[in-house]
């Protein structure tokens, strides 16, 4: 087979591939659990946060809980409707970042990028901390050690993701549908009990809540409004993760946008139903719930403190315990499914983080190495970075969901708001050119939806900023600012380099002559191969160089050179202190100075070994020399490899590594195993 | 200036250099402190150990102390006499390792190498732990925290050595001569007081020592012999470090061997005098000294326990306190000098360790990277390894000199003994050929000296093994065994590789054609330079390759290619999953398969940046690609560097780094700053 055939075959590969890609795409029934775990898992902690905030003023304010729930639901409906417009307009998976960048410019794009980076860290921290609370509800031994348990969980997730865990449909489908069905059955049974008058009370019913310091007196109207605003903005934690689908459109089956929009609608309905059900039932069943770190504000019915060994379980756990009273499997099923879905939500961040990194890298806001799927090192660094940041947050905030939530929501709503604003611009821009009346009507409708969305998310953002800035949102804003500056710095650097590198016409001058040097350390196969290869390039001058620290060794090699009758002259450079790099660099520099229009080609024989410990034993010098020669103008450095038999080990390892699934593959719409479905399909 | 001139100049450099090297060599008065700190510092703990061992049976056995001191002195005299033969016979600085390897074979050499590696670790651990005791004598706050203080000291030494501390004459001379003079004055004054009847008692005089469990009854003869043997073998700690000069002969001024032998004699005389003085004075001044961790065996004169807050100071500290009674500066001078000399002794190990590593590496018993002075990474790894091992020992043994000594001496005497045995063989071998009667007489005399040395060191080794095996020597032997196996494994690996690489006549076949590929990622200066360089080598086929994941980008680059009128064909490889490495490797492989006798030359344009963070942002892909292509047979990989302006930073940094002094330079006889005195002298 000739070279022409090869390249044609490679060029032709494309058509086949695109059609086959479809097979790895997700049907709606699988896409829902893949993208929903993050959003749905919020139900596990958002209602709790509403009750915690209201409880600041004592249990009397619980009357407001369902109104706050409805307010959150309305915002969620508006946001879902808005994102349904986004998935139609931006089906490429760039999500909020792309919308902001295209419509609002680079700074808005970077702001959203920074917000998303922070959000991924917080998704891990919040979901895992909440998961630890559920674990404490099911496993008494975990109670009191939630932070340790949470850090261990992050460790396990990190290890799995570094190892390359396979995100598959079933992986997500079983626990997510388990969670939906489990909670659905619980709610259904609960409402049935309510209607039939058999609804019990939760374990915390009958407790009294002492108001927090500052709330002891009757609330003023302004005080009440501020309290409700705090509760509302905490409840908006329920919206986190709703945007995930807009990043995953490419992974859907065709028609991608339509399927994504439908899935998003379904997700919104389920999330709203769940949240309102939790709040309604909790209210009805007499729930009393305070910040787990202010349990001293809980009193028994007789006014005595509940004591140090009182264990406050999460709202869903309390509901499940009461509704499935006398049927422990129901309780355990709900609690375990909730915990697993929370872990899946955290895993979502591990999957989304590298995807975001590659998108930022393509726009040169992140190191270029992140752009390609293949750079395992960059990829692993990203995962480790995410894990370290999340562990730091969990550790600093002692796995307290309530405090982490203060940091979480602001980033989410910054990207929501910028994204809505971008969408309005998008439609306005398109309306300028669109003539078709039907399309115009459609666009105008979309613009109204996004405007409503903007009104809601913008309001929430203001509320969040006002109510949460001092409580932790400043940390998020600070982190976002740092990421923003780093991204801008990286971009500036790349731009400066591109500027320095941009070609002009002076760059076409051909070197007049090639002076080739073959480095000789011993007279073995690699050296002979390097000599042969160098000779094959027919340089103007070809010489072999031996750097000697010892006259006797030098004499030996010169003798052997003569004995073998090698027809390349061998030159000995004397290096008294066993330095190798410096004499070679100086010699190359001086050749080049003697002939500034020529080029010096340095040939380095290298033998290639397979095991990591072999690499420790070999080629350190060649590596250093190559590194150093690259700084020498007018020099090119050629490695002539000689493959030792052990090198096959490394080749096999590389092959195994390449076939490994990487986190994020499923939601990027990339096939899990490229060499089965992709590149070499046509062989 | 033509190339011929350049290379001649480089070749000529040698003569000049050798004569100038002399300037950096050490006169005897500086060599003594440089090489003596290790040996002399033993006086700071060896007498203590004799008293501790004798105290096991109570203070009555102290009567034996001066006899044991004399026995140790006799052994030391024999060892010094033996090593004076070694420095004449082996002036190259290989020391015990070289003697054993040349005369007794590779296994003996590796055994000595392993023993020396272990000894360096223990030199650090013992010297620093003892130094911490002296610090506790001078600074009450350190008392009780010796281990922490010792670990901190190791940390400081490590940092200094990683940073590249300058071993200079004054650096050693001041504290070492201070130590010699300070102790000399103290002894002189002490003996004067004794003669004039004014010698006081040390602080521990008058205390009673309760015998250790098992020694309560009257000692049997065998029991006494065993006790004396234990005390003697602990006292032999005084001999550690005596061999240092035999590794440092090349650093002496001419006549090197003679000067080294004279210095060695002086060292021996000083060490023996000091040790015997300490023992005699301590005996006379009523010292009572037990293992610092069995202070409960000390009783006041009235039989009451000394109590928990009793602080037992080292022997020299007690002597200094009593002799300089009423003159605190004398006490502090002696104690501080002793402490500093102990730290210098530890630093000796930091200096000797890389030297030993490079000697082992030259014989292929250690990674080759250790052989060259220039490999900073290998060098730093060695220092960190030494520090970690020493800290581990200090931590495990809680900085207890007495327990660490049990591990220390066995390694020292293994290399002493093998070295003596090797010297006997050496003389016997030379006697076989030597005809000159005067020379023969000289050799026979030397052989007698070494035989006496062997008799002593061999006996001590047996005594040490018997008395200390269970007390810790087994740990040393185990560690030596591990080092031995590692060295043998490394050597075997290098031999196998050398075998696989050894040239035969089939290796001279020239490739028939060169197919050159220039990788193109963008059309910028580096690419144009790579194209020009590749073209200058006049390959049979030259083509540019662009790997595309995106049809639009590919079209753009093809357009620009045409617009610029580049006369090299551009081929586009399509890579759907943004993989770069794989398509290139496959393409190269297929070209090679189509023409197995040809060679594929892959040209990679690279731009070179200077800051470490720039390196994170660039060239990761080129690096991965190069790494992977090296595994592909019939391919050579050429980096065509383009130096960005920031690359000058890295160049300057490399230059600064190269000029830095490395630990071990002084005792290797290497000039501290090569570019001032060495390589470029002739410019």
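Keep in mind that glycine also has a Cβ here, set from the backbone N, Cα and C atoms.
Per TrEMBL, transmembrane segment is recorded for B:63-83 (among others).
Here TrEMBL flags B:104-128 (among others) as transmembrane segment.
The feature transmembrane segment is assigned by TrEMBL to B:134-160 (among others). Counting residues 6+ beyond its ends, the transmembrane segment (B:134-160) has Cβ neighbours under 8 Å at 44, 124, 128, 311, 313-314, 316-317, 332, 335-336, 338-339, 342-343, 346-347, 350, 383-384, 387, 390-391, 394-395, 398-399 in the same chain.
The feature transmembrane segment is assigned by TrEMBL to B:172-194 (among others).
Feature annotation from TrEMBL assigns transmembrane segment to B:222-242 (among others). Beyond the transmembrane segment (B:222-242), the same-chain residues lying 6 or more positions past its ends with a Cβ under 8 Å from any Cβ of the stretch are 36-43, 45-47, 49-50, 52-54, 56-57, 61, 64-65, 68-69, 71-72, 75-76, 79-80, 83, 119, 123, 126, 215, 264, 267-268, 271, 275, 345, 348, 402, 405, 408-409, 412-413, 416, 460, 463-464, 466-468.
Beyond its flanks by at least six residues, the transmembrane segment (B:263-282) meets 28, 31-32, 35-36, 39-40, 42-43, 46-47, 50-51, 65-66, 68-70, 72-73, 76-77, 80, 83-84, 87, 180, 183, 187, 190-191, 194, 199, 202, 238, 242, 245-246, 252, 289, 315-316, 318-319, 323 of its own chain at Cβ-Cβ distances under 8 Å. If you look up TrEMBL, you'll see B:263-282 (among others) marked as transmembrane segment.
Taking Cβ pairs closer than 8 Å, the transmembrane segment (B:331-356) reaches residues 37-38, 40-41, 44, 97, 113, 116-117, 120-121, 123-124, 127-128, 130-131, 134-135, 137-138, 153-154, 157-158, 161, 165, 167, 172, 175-176, 178-179, 182-183, 186, 241, 244, 247, 316-317, 320-321, 324, 370, 379, 382-383, 386, 390, 662-664, 666-668 in its own chain, all 6 or more past its ends. The transmembrane segment annotation in TrEMBL covers B:331-356 (among others).
If you look up TrEMBL, you'll see B:377-397 (among others) marked as transmembrane segment.
Listed as Cβ neighbours of the transmembrane segment (B:403-427) (distance under 8 Å, sequence separation of 6 or more from its ends, same chain) are residues 45, 49, 79, 82, 85-86, 89, 95-97, 99-100, 102-104, 108, 111-112, 115-116, 118-119, 122-123, 125-126, 129, 233-234, 236-237, 239-240, 243, 393-394, 397, 443-444, 446-447, 450-451, 453-454, 457-458, 460-461, 464-465, 468, 471-473, 475-477, 480. Here TrEMBL flags B:403-427 (among others) as transmembrane segment.
Taken from TrEMBL, the feature transmembrane segment applies to B:448-466 (among others). Residues of the same chain lying 6 or more positions beyond the ends of the transmembrane segment (B:448-466) and with a Cβ under 8 Å from any Cβ of it are 74-75, 78-79, 81-82, 84-85, 229, 232-233, 236, 409-410, 413-414, 416-417, 420-421, 423-424, 427, 473.
What TrEMBL lists as transmembrane segment is B:472-490 (among others).
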### Message
Cβ under 8 Å, sequence separation of at least 6 from the ends of the transmembrane segment (B:104-128): give me the contacting residues as numbers and ranges.
### Response
38, 41, 45, 96-98, 150, 153-154, 157, 237, 240-241, 342-343, 345-346, 348-350, 352-353, 356, 360, 363, 365, 386-387, 389-390, 393-394, 397, 399, 401, 404-405, 407-408, 411-412, 414-415, 418-419, 421-422, 425, 476, 479-481, 483-484, 487-488, 491
### Message
Counting only residues 6 or more past its boundaries, what in the same chain has a CB within less than 8 Å of a CB in the transmembrane segment (B:377-397)?
### Response
120-122, 124-125, 128-129, 147, 150-151, 154-155, 157-158, 161-162, 346, 349-350, 353-354, 357, 367, 369-370, 403-404, 407, 662-663
### Task
Could you give the residue numbers and ranges of same-chain residues that sit at least 6 residues beyond the transmembrane segment (B:172-194) on either side and whose C-beta is under 8 angstroms from one of its C-beta atoms?
29-30, 32-34, 36-37, 40-41, 43, 200, 270, 273-274, 277, 281, 284-285, 316, 319-320, 323-324, 330, 333-334, 337-338, 340-341, 344
